[in-house]
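Annotated features, as they stand in Swiss-Prot:
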BINDING   164, 185, 214  adenosylcob(III)alamin binding site
């Protein structure tokens with residue numbers, strides 16, 4: 001008589017439940033001493049997406065048109081990096097404007113004297129995909145709050161082949177009290193479209209990262225647009241009060257928690273947010 005198959009009493013894997021809560025690669029399983037084929041293919045696909053995000057061309061003209069439809073002026077500038085190859089090989093060139101762009105910005109500042117509270121800069125960085133996807137919805141949320149508090153803003157400065165520090169030169173040339181740059185972050189294997197915000201008080205050429213505050217991972221699966229705008233406005237208020245930014249200015253904005261009963265305070269957690277937040 002044939003013996004019945006042995007029923008193995010396998011232990012529960014608590015990681016499987018956690019997989020649905022994060023895009024991180026956990027509980028992949030294994031096949032022999034390797035990971036399953038599907039997990040390997042998924043990894044290779046994510047790596048290809050990250051590489052594509054770095055080389056995706058920025059479309060400043062298209063973004064400028066979308067801003068114009070919403071009633072926002074913009075200026076199209078270029079860093080000193082002539083192309084993507086130069087940008088990747090020479091980070092220093094991405095931190096400064098080209099001579100032509102710097103002069104164009106001086107001309108704009110001369111025609112519009114008086115400066116502004118906040119210069120708004122958008123640069124492709126290492127992920128134009130992030131900029132294309134998240135700039136407009138974030139600016140909408142940010143400008144709702146800056147308008148309510150009476151802050152004056154510059155036109156949106158669109159910089160091709162730009163790095164974080166290019167915002168300091170732009171803020172200085174515009175005579176801005178503060179500057180924020182929206183820039184595509186280095187793509188990760190689970191986040192090829194992550195937008196970063198870098199904020200500086202009293203911007204000028206030559207400042208280091210120690211003088212900047214960073215708000216990172218702005219995207220639907222990360223920090224919501226509303227919460228990112230909330231944190232930025234907090235930094236703006238505190239920077240003006242204390243006249244500084246960077247390592248000496250801590251982000252102590254109200255942090256949203258899972259235990260909060262206020263639905264408006266739940267928008268910073270991607271587990272509880274709707275796609276429209």
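Glycine residues also receive a Cβ, built from the backbone N, Cα and C atoms like all the rest.
Quantities reported herein were computed from a predicted structural model and do not represent experimental measurements.
Everything Swiss-Prot records as a feature, shown here on the structure.
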residue: 164; record: adenosylcob(III)alamin binding site; DSSP (3 states): coil
residue: 185; record: adenosylcob(III)alamin binding site; DSSP (3 states): coil
residue: 214; record: adenosylcob(III)alamin binding site; DSSP (3 states): strand
Pick out which of the binding-site residues 164, 214 has the most other Cβ atoms within 10 Å of its own Cβ.
164
Under 8 Å by Cβ from residue 185 (adenosylcob(III)alamin binding site), same chain, sequence gap 6 or more:
125, 126, 127, 130, 191, 194, 195, 196, 216, 217
Grab the adenosylcob(III)alamin binding residues from the record (164, 185, 214) and give me their largest CA-CA distance in Å.
11
Neighbourhood of the adenosylcob(III)alamin site (164, 185, 214): other residues with Cβ within 8 Å of the Cβ centroid, in order?
125, 181, 183, 196, 197, 198, 216
